[in-house]
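J.: Mind looking over this structure? Questions follow.
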Amino acid sequence: MRLLLVEDDAVLAQALSNDLAAQHYAIDCVTDGETGWNFAQAIAYDLIVLDVNLPKLNGLQLCQRLRRSGYQQPILLLTAQSSHTAKVTGLDAGADDYVVKPCTSEELSARIRALLRRQQNAATPVLEWAALCLDPSSRRVTYQGKLVSLTAKEYSLLELFLRYPQHVFSSSQILERLWDFADSPGDETVRTLIKRLRRRLKAVGIDAAIETLYGQGYRLKSPPETQLAEQQTSSNKGTFPPAIAALDGAEAALESQPLSQPAKAAPSPVQEMAFAAWSQFKEPMLERLSLIDRAVSLLQTGNLPPECREQAEQAAHKLAGSLGMFGFPVGSQLSREIENWLQADPPSSDIAQFKGLVDQLHHRLQGPPEELNSSDFADFILLDAPANPSSLLLVSTDNALLDQLQIAANPAEIAVTNASTIMDALEILFDETPDLVLVDLTVADAFQDNLKLLEAIASQFPTLPVLGLIAQMSLPDRLKISRCSRCRLLEKSVAIPDLLANVQELLTAHRFAKTRILALNNDPLIVQSLQRLLTRWRAQLFTLANPNSFWDQLHAIAPDVLILDVELPEISGIDLCRIVRSDRRWDHLPILFLTDHQDATTIQQILGAGADDYLAKPWSEVEFISRLGNRLSRNRLSHSRL
Amino acid sequence: MSVRHVLLIDDEASIRTLAKASLELTRKWNVITVASGQEGIAIAQTYQPDAILLDSKMPKMDGLLTLKALKADTTTQNIPVILLTATTKVATQQEYAQLGARAVIVKPFDPANLATQIEAALHWET
């Protein structure tokens, strides 16, 4: 059990801490009311012992604040004032008991035990589970009358389970309850401790008393006779799930989960985890809501100070970002609207609307969380990869040229690789497509081979810029080159800086680097391949799987090309295409469809909705890039003519 | 496939708890969580995670500053970073992209699909 002691008398605090620690309580000790409040916010204490006279925030004020915030565990006040009035004031402030100093540590311990017992709603001071008995006053544990030997931590863990027999404790909750700040180990220690306690219990004949609930934590099972009764009732219905007890660690439970749970109606482990997390975080969430409530009250009095507005805004922001994960998607939406209302510039005067939103949020959070549904969540957005140095493939046997080029290109962040044969060049092209190819066409013997290379580049890498170095070439040779490639030709005698300037110009002109592509597609494989492909071509791809936020994203991203799928959740790609075309701002946006459908009706619908082009699966990279390149260049051309 | 190691930097306890549980539950990844950018940078330097999930809005040192610091440090600059943000404004997305962030996951995220989103964003084999 974990206790918080708030006492400013350092000597007394140390003595009490030692006494309580000797009784195996985990104790955090702080010396002023404000720190006490902060600790109580951060940790779920089983009981708080408060001195009345404390600096910063006195014990009575702290007690009131704790109760107002919804703290429900016992609070014990500790004070030198023994007057009847002082006691009444203390109890009225929300304390459960009152101990007058000086008191013996035995008395304090007994009061603490009594309060913890009361919390458990048990009349008997002895905690029992079947024939297992734990007596907190003597700290003895027996099973069928025989002593069970436990270490201090094992005892504390068993006591925790016995005090809260139905409660599921996560590893972090067990850590919080059993260890103090000064000695806080990791989850692994909890697993070891659970294992040890199970072993101790098994040694005396208690098998599988503590069960692992996957994704949630550990719980004391019902005693055997109760289990039997439950089993009989359940087996009549034919739905009793086999127990998943005695599994060490969540992993084992995960493996057993599909077998041990009925396939239907059982919430997924993630669902269960989210619900369990809600019970853990409900209170802090409601505290955030109280900051918004305060803003409502202040707005109604006509004076919402900027700092209170900001606090409410931050609270709404946090709620918007988290409620959906716990099963409150509407709660997230309402919080976002509340945040927007508070951020409005100029400030909105419609206080009734604001209050309405807050009331709806209250109402929503009073109900249970919903099952998680992936369509309630926004898709992630891929950002383009950070710019890498450009790469240039030099196809030449001229080592002097290679050296000069490498030296000159390095400061310009252009990496130069070299291929001396057409085969090497093709290998590099397919393995890691460079940003530009520079082909030395001056060697007469290799001219035909190089022409073949230019042809291959033109067909396989149609948008890849190519630069050819020539000697004084005849017109027929130039004609041959121009027939198989759109490469730019330069005389080899050109100065290296001029050559580099040409390289950079082509790189800039031909790269997709500044092309912003927004793709709506809910097929992760397609999204992945688009990402891989477009990253290689240096385009900036933004993807959405769900059209919910499409309109906002369209405006924010302002893409150069829109890629749509026909089938999308809720709104079809064809409808989206029509919506885009109905807005003058997006009239010229190139729209390309990737589709499974090749039937004439669908194609007609796609083009009729205003799309520029479509590609039916399976499509090749070359085809896709070529169509995309065409679409972009036509669009740029039409804009330049406007 | 080896176990992934992920560092989550978020000042919000509920997000830390839920994201960690989600990733451990669905993929058995090792997840370390910290509540501030400063702690995150220190952990990233020593722990060298496979990925960092970074909250955009944190007190003192926000996501952008943390991202800049991570990218400026030679020991952490190659660790892929995914931003977690509750705002749907895209203006800052470009800034994240320029600083080398790989993706943005919008809060609230789907605990059931968080790992899938990370895998897709980082091209991790599944």
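The backbone N, Cα and C atoms fix where each Cβ goes, and this holds for glycine too.
For reference, TrEMBL lists these features for the protein:
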type: DNA_BIND; residues: A:124-222; note: DNA-binding region
type: DOMAIN; residues: A:2-116; note: domain 'Response regulatory'
type: DOMAIN; residues: A:124-222; note: domain 'OmpR/PhoB-type'
type: DOMAIN; residues: A:270-375; note: domain 'HPt'
type: DOMAIN; residues: A:391-507; note: domain 'Response regulatory'
type: DOMAIN; residues: A:516-632; note: domain 'Response regulatory'
type: MOD_RES; residues: A:ASP51; note: 4-aspartylphosphate
type: MOD_RES; residues: A:HIS317; note: phosphohistidine
type: MOD_RES; residues: A:ASP440; note: 4-aspartylphosphate
type: MOD_RES; residues: A:ASP565; note: 4-aspartylphosphate
J.: Hey, would you say the domain 'HPt' (A:270-375) packs against the domain 'OmpR/PhoB-type' (A:124-222), going by three or more CB pairs under 8 A that are 6+ residues apart?
T.: yes
J.: How many helix, strand and coil residues does the DNA-binding region (A:124-222) contain under DSSP?
T.: 40 helix, 22 strand, 37 coil
J.: For the domain 'Response regulatory' (A:2-116), how many residues does DSSP put in helix, in strand and in coil?
T.: 54 helix, 24 strand, 37 coil
J.: Given the modified residues A:ASP51, A:HIS317, A:ASP565, find the one whose Cα is closest in space to the Cα of A:ASP440 (4-aspartylphosphate).
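T.: Closest candidate to A:ASP440 (4-aspartylphosphate), judged by Cα separation, is A:ASP565.
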J.: State the three-class DSSP label for A:HIS317 (phosphohistidine), counting H, G and I as helix, E and B as strand, and everything else as coil.
T.: helix
J.: Measure from the CA atom of A:ASP565 (4-aspartylphosphate) to the CA atom of A:ASP51 (4-aspartylphosphate) and give the result in Å, rounded to a whole number.
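T.: Roughly 67 Å, rounded to the nearest whole number.
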J.: Write out which of the listed modified residues, namely A:ASP51, A:HIS317, A:ASP440, A:ASP565, lie with a C-beta under 8 A from a C-beta of chain B, sequence order kept, or 'none'.
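T.: Near chain B - Cβ to Cβ under 8 Å - we find A:HIS317.
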J.: When DSSP states are grouped into helix, strand and coil, how many residues of the domain 'Response regulatory' (A:391-507) land in each?
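T.: Helix/strand/coil tally for the domain 'Response regulatory' (A:391-507): 60 helix, 25 strand, 32 coil.
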J.: Please count the residues of the domain 'HPt' (A:270-375) that DSSP assigns to helix (H, G, I), strand (E, B) and coil.
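T.: Helix, strand and coil residues of the domain 'HPt' (A:270-375) number 85 helix, 0 strand, 21 coil.
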J.: 10 Å Cβ neighbour count around A:ASP51 (4-aspartylphosphate)?
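T.: For A:ASP51 (4-aspartylphosphate), the count of other Cβ atoms within 10 Å is 25.
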J.: How big is the gap, in Å, between the Cα of A:HIS317 (phosphohistidine) and that of A:ASP565 (4-aspartylphosphate), rounded to a whole number?
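T.: With distance taken Cα to Cα, A:ASP565 (4-aspartylphosphate) is 33 Å from A:HIS317 (phosphohistidine).
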J.: Which residues does A:ASP565 (4-aspartylphosphate) neighbour through Cβ under 8 Å, counting only same-chain ones at least six apart?
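T.: Result: A:LEU520, A:ASN521, A:ASN522, A:ASP523, A:ILE526, A:GLY573, A:PHE593, A:LEU594, A:THR595.
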